[in-house]
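Pulled from TrEMBL, these are the features on record:
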- 6-26: transmembrane segment (TRANSMEM)
- 33-51: transmembrane segment (TRANSMEM)
- 63-82: transmembrane segment (TRANSMEM)
- 89-111: transmembrane segment (TRANSMEM)
- 117-135: transmembrane segment (TRANSMEM)
- 147-165: transmembrane segment (TRANSMEM)
- 185-207: transmembrane segment (TRANSMEM)
- 207-248: coiled coil (COILED)
- 276-413: domain 'GGDEF' (DOMAIN)
Amino acid sequence: MTIGTSFLLIILASVVLAMALAVVSYRRTGTHVLHIWASGLVVHAIAYVLFALRGQINDGLSIVLANTLLAFMFILFALGVARFQQRPLAPLLLWGPMVVVPLLFTVLLPYSEARVVLGGVIFSAQAGLAVLLLWQQRQQTPGRGQYILMAGFFLVISVFSLRAVATLTGYVKMTSILDENPVQYLSFLTVIVCLMLLAMGLVLMVYERLETALLDSQALLQEQNQELAQYAIDLKRANQQLETLSITDGLTGLFNRRHFDHLLETQWAQAARQGGVFSVLMTDVDCFKKFNDHYGHQAGDACLVQVAQVLQNLTLRAGDVVARYGGEEFVLLLGGSAQPAAAGAVADALCQAVQALHIPHTKSPWGYVTISVGVASVMATPQGSVDQVLKLADDALYAAKAAGRNRVCTAASLKASPHALEIAH
């Protein structure tokens, strides 16, 4: 292989690699550095065209301009690395060779060996700058592409160092870049290898960073999705808590009056469609104001909580609903078409269970906290209303209180008629 053939291969490799980098980076985010290096490879190809025309064109072009273009190529390579790393470079450090090379190569135009040594020093320093930039950011740069790139630049340094040392020691006589000797053959063969290493290393380094960024984005997206899912769970839980707070009594944990009224309407409509019996129990803590005045409001609250627990424990059937209706008054809705006898039995059990708590009440005739219960069981019909059954239960409760408290009174009516009130002791 002749020197001319080597130049042709170098020019061809530079152009092909430049086109490949341009195609790979075309309209792709995060690959702008490839544009810079593609430009550098085009400059490299032009420099070797001028080298190949040595003796056929003016030496100012084939020597001064060609070497200046070679220096410019290394500037573009270093600039590409700096842009990839998003770091600034001192203008003098980066662009200094664009002044030094044309000036010194013009002065040394008659001295070919001096130019070889000078080029070896300057171009090795430029390649060394790129290696230094890569090495300083090796921990922050993901992947192995950067090491392939470093290997390519080290090979460049080795080539120019070999040429300079071989010239200084007199191993070869460098009269022209077209001279054919082992150092020249090895140099230009190595240049082709360097081009491939540099291009592959850069592309790999760029895409490793893009891949890492993609993985980081996916991890961040997954983390955000998990946070959103957790937020949705927390929001659902908070909504459930708000819903619970909106329908329950804060002291006793029973349903509040507003929610009970809603359930009452719903179950009345259902019972009316099915023709079932509708039973409501109204209960009130006897002499509760005296209890509060004597024992204090904290003791009064504790008393209501214990009574509420008894009411809740004794109404565990499906459809049973117990609520705090206001103050010391509670209301129970018995589901499952509870017959009057069954409703009365539940009321008796409630009275006995509350009295069995033995909550001291010195202001009560019985010495303990007791309750009175009014029971209303009616046949639900579309023409009737919940207000009727509540009125019956409330009237029965007041009848129980009027009869001496600590007892059950029943308003018996199977026709949902507010006038059919029969008090039983």
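Placed from the backbone N, Cα and C atoms, the Cβ positions cover glycine too.
Curation does not apply to TrEMBL; its annotations are automatic.
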Can you break down the domain 'GGDEF' (276-413) into helix, strand and coil residue counts using DSSP?
59 helix, 37 strand, 42 coil
Dominant neighbour of the transmembrane segment (89-111) in 33-51, 63-82, 117-135, 147-165, by Cβ pairs under 8 Å:
63-82
Is it the case that the transmembrane segment (6-26) and the transmembrane segment (117-135) have 3 or more CB pairs under 8 Å, with pairs at least 6 apart in sequence?
no
Give the nonlocal contacts of the coiled coil (207-248) in its own chain as ranges (CB under 8 Å, at least six residues past its ends).
30-31, 84, 141-145, 254-256, 258-259
Counting only residues 6 or more past its boundaries, what in the same chain has a CB within less than 8 Å of a CB in the transmembrane segment (33-51)?
7, 10-11, 14-15, 17-19, 21-22, 24-25, 57, 61-62, 65-67, 69-70, 72-74, 76-77, 79-81, 83-84, 177, 195, 198-199, 202-203, 206
Using Cβ atoms and a strict cutoff of less than 8 Å, what residues sit near the transmembrane segment (117-135) while being 6 or more residues removed from its termini?
67, 70-71, 74-75, 77-78, 81-82, 85, 87, 93, 97, 100-101, 104-105, 108, 141, 146, 149-150, 153-154, 156-157, 160-161, 163-165, 167-168
I'd like to know the mean pLDDT over the domain 'GGDEF' (276-413).
90
